[in-house]
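Before any comments, here is the structure.
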Amino acid sequence: MDNRPIGVLDSGLGGLTVLKKVIEKMPNESTIFIGDQANMPYGDRSREEIISLTRDSVNFLLSKDVKIIIFGCNTATAVAMSTIQKEIPLQIIGVVQSGALAAARTTETKNVAVIGTNATVDSHSYLKEIQYRDPEIKVSEFAQPKLAPLAEEDPDENIKNAVVSESLTPLKNADYDTLVLGCTHYPLLRDEIVAVVGQDKKIVDPADQVAQYTYNVLRRDDLFAESTAPVKHDYYTTGEAKKFTEITRQWMNDDTIVGHHVDAED
């Protein structure tokens with residue numbers, strides 16, 4: 001048994017979609033979330049910048065004595081995870097590997113489309129991970145740099161629909177039966193995305209698989225919290241705490257949440 005919290009990081013707020021699934025799957029576990037809103041989006045940054053910023057968030061979580069770390073950010077997983085995993089003793093769980101596994105299991109036609117940030121797409125991490133599981137699967141990758149900031153800003157529906165429709169134009173004539181939401185912000189735009197690609201496409205949200213895999217690891221390593229242990233969920237941002245609190249309460253359906261500002265590099 002281990003009553004230490006689970007740590008979850010993201011470049012912004014998208015990782016809350018992962019955190020929510022983790023809490024639903026493991027209600028007895030405490031969690032700590034950090035969103036690096038001051039530096040988002042990561043998708044257009046250099047490899048060195050992404051690794052450095054992700055390392056700052058990891059060090060913050062380590063200072064909070066977490067027992068495992070989830071990269072609730074596809075860009076951080078694709079670019080920084082392999083480097084940082086060598087630097088720390090705790091296991092890191094990434095969204096790319098989980099999403100790739102789900103995609104390989106879901107597709108029936110062996111044609112998968114992936115949407116993600118520029119950095120995630122340029123790394124070809126989903127292509128590599130999906131074809132590692134099944135070399136016969138054709139993977140088409142589409143960079144969507146506008147969608148993560150759009151989800152953070154949460155504008156009115158007309159603007160969201162217009163931006164999503166324009167951004168996903170290349171997918172309208174693509175051949176695929178399964179679409180991977182390769183950025184944890186994208187589930188927040190799921191309705192708008194489905195409206196463009198159609199109800200017949202199978203949508204893969206890696207968050208579901210991440211929660212299940214985390215559960216499996218905690219069970220394997222006997223790291224579950226005691227059933228009598230108090231449960232606490234802490235939320236931190238490198239951005240503005242008041243706005244972070246408002247959005248987090250909305251997305252997590254919890255009006256008791258209080259977000260805290262932190263300088264992760266301190």
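Glycine too: its Cβ is placed from the backbone N, Cα and C atoms.
Keep in mind it's a predicted model, so treat the numbers as computed, not measured.
Taken from TrEMBL, the feature substrate binding site applies to ASP10, SER11, TYR42, GLY43, ASN74, THR75, THR184, HIS185. Per TrEMBL, active site, proton donor/acceptor is recorded for CYS73, CYS183.
In the structure as shown, the Cβ atom of HIS185 (substrate binding site) sits within 10 Å of 28 other Cβ atoms.
Counting only same-chain residues six or more apart in sequence, the Cβ atoms lying under 8 angstroms from the Cβ of ASN74 (substrate binding site) belong to VAL95, VAL96, GLY99, GLY116, THR117, THR120, SER125, GLY182, CYS183, THR184, PRO206. Within the same chain, residues at least six positions away from GLY43 (substrate binding site) with a Cβ under 8 Å of its Cβ are SER11, THR75, GLY116, THR117, ASN118, ALA119, THR120, PRO145, ALA148, CYS183.
DSSP classifies THR75 (substrate binding site) as helix under the three-state reduction. Here the CA atom of CYS73 (active site, proton donor/acceptor) lies 9 Å from the CA atom of TYR42 (substrate binding site). Rounded to a whole number, the C-alpha distance linking CYS73 (active site, proton donor/acceptor) with ASP10 (substrate binding site) is 5 angstrom.
The Cβ of ASP10 (substrate binding site) lies under 8 Å from the Cβ of LEU16, VAL18, PHE33, ILE34, GLY35, ASP36, GLY72, CYS73, ALA76, THR184, each of which sits 6+ residues away along the same chain. All protein chains shown were included, and the count of other CB atoms within 10 Å of the CB of THR75 (substrate binding site) stands at 35. Those same-chain residues not listed among ASP10, SER11, TYR42, GLY43, ASN74, THR75, THR184, HIS185 yet with C-beta within 8 angstroms of the centroid of the substrate site C-beta atoms are GLY12, GLY14, GLY15, MET40, PRO41, CYS73, ALA76, THR117, THR120, ALA148, CYS183.
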